[in-house]
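Over in TrEMBL, the protein carries these features:
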REPEAT    73-103  repeat 'WD'
REPEAT    124-158  repeat 'WD'
REPEAT    242-281  repeat 'WD'
REGION    306-383  region 'Disordered'
COMPBIAS  320-334  compositional bias 'Acidic residues'
COMPBIAS  356-366  compositional bias 'Basic and acidic residues'
Amino acid sequence: MDELVVGTYEGFLLGYSLRTEDEVTKIKQTFATHSHTASVRCISIAGKFLASGGTDDKVVVIDLKTRKEHTVLMNHDGTVNTVAFTHNGTHLLTGSDDGSIIVTRTGNWQIEKVWKKAHGGQPVTAIAVHPSNKLALSLGGDKTLRTWNLIKGRPAFTINLASKGIVMPTEIKFSPGGDRFSLISQQTVDIWKISQAGLEKRITCTSKPSAVQWTSDEQVYVGLENGNILTLSISETQAQTYPAHKQRVKCVFFENNILYTASSSGELKVWSVNENKLKELCSTNASCRVTCVTLNRQSYLIKKEDTEEEIDKDEKLESNPEETDPESHEDSEEDNKTPHKRKVGAFVTISYGDNEEVKKDTESPAKKKKRRRNKKPKNKNKE
């Protein structure tokens, strides 16, 4: 079961998962850690690693398999406002109040690139990595949107958002396909299209938007400060409104037709999405002020098991070995000859055949001459 990870203002990281008991879906806490000495501002997950940044100027990396702290990165001199893994999990991008963006390689956690004044020395507020892992977008205190070429490791171009009528942008997110991205400002949500290289649609909200979540390349959910959730399509002009929380919707996350929402008061709710209609499944209270939410997809922990059909076939072959065709018998012999996959960290053994005669026949003439010389008896000492 996938796991919801929540960062809080009190410095805690909390984990929750959905469980069904007596045909009733409940959300239960799975872990809690207090790795930060101040509030958690941002979290990101890739594979088994969870990275969280906070106002204590550090990035904490946790191994979700062992549930232990893996490493702590002290590369910034200010509040870490945003952390973002690349989608293949090879690098971690972090942005801070010190105005720098740092690219760190996962595994050895060595710094590969530093842009000290990414936004002219102003704070970096948000980073989003494109699904292709070739570029990233960042927002800063200089009211600009900057594009970074992750292949060449250099800035690509800059857009002045003030000239586009966007004031104080706070969040940026890519659509699943990567052709669109959303920008949140004071009262609007702007949808940009990369293929058009400009603004495609502007959504004006009745209350200040606080969070955006893409469900597809056409559908988007918007959390508002008054506690409501908007759902709308890019091609449509009207939006549907659902009352979700009594206080501000702080975070929205969508996965597998399930929508996770969190309010600033600590209330967590899980909704099932069916034809863009929301139905509440369960809720709980974290007893903390929620600042950020992400999902730990645990599909990499599931081992591949044999299907029932494969097991039945194996049983039939074991019970009736004579009934098998000769062709299938030859195929099985070939399969037995194929080398097995090596284990992680194990030595690689190479076998060229069991018979020594085969080895001798395949030897080159030079090797045969060398072997004959070695077989010649040594000169005996004169009596």
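From the backbone N, Cα and C atoms, a Cβ is placed for every residue, glycine too.
Just so it is clear, the model here is predicted, and its values are computed rather than measured.
Within the model, the repeat 'WD' (124-158) shows a mean pLDDT value of 89, rounded to a whole number. Sequence-distant contacts of the repeat 'WD' (73-103) (same chain, six or more residues past either end, CB-CB distance under 8 Å): 41-47, 49, 51-55, 57-61, 109, 111-129, 131, 133, 136, 138, 140, 148, 150, 153. With DSSP classes pooled into helix, strand and coil, the tally for the repeat 'WD' (124-158) is 0 helix, 23 strand, 12 coil.
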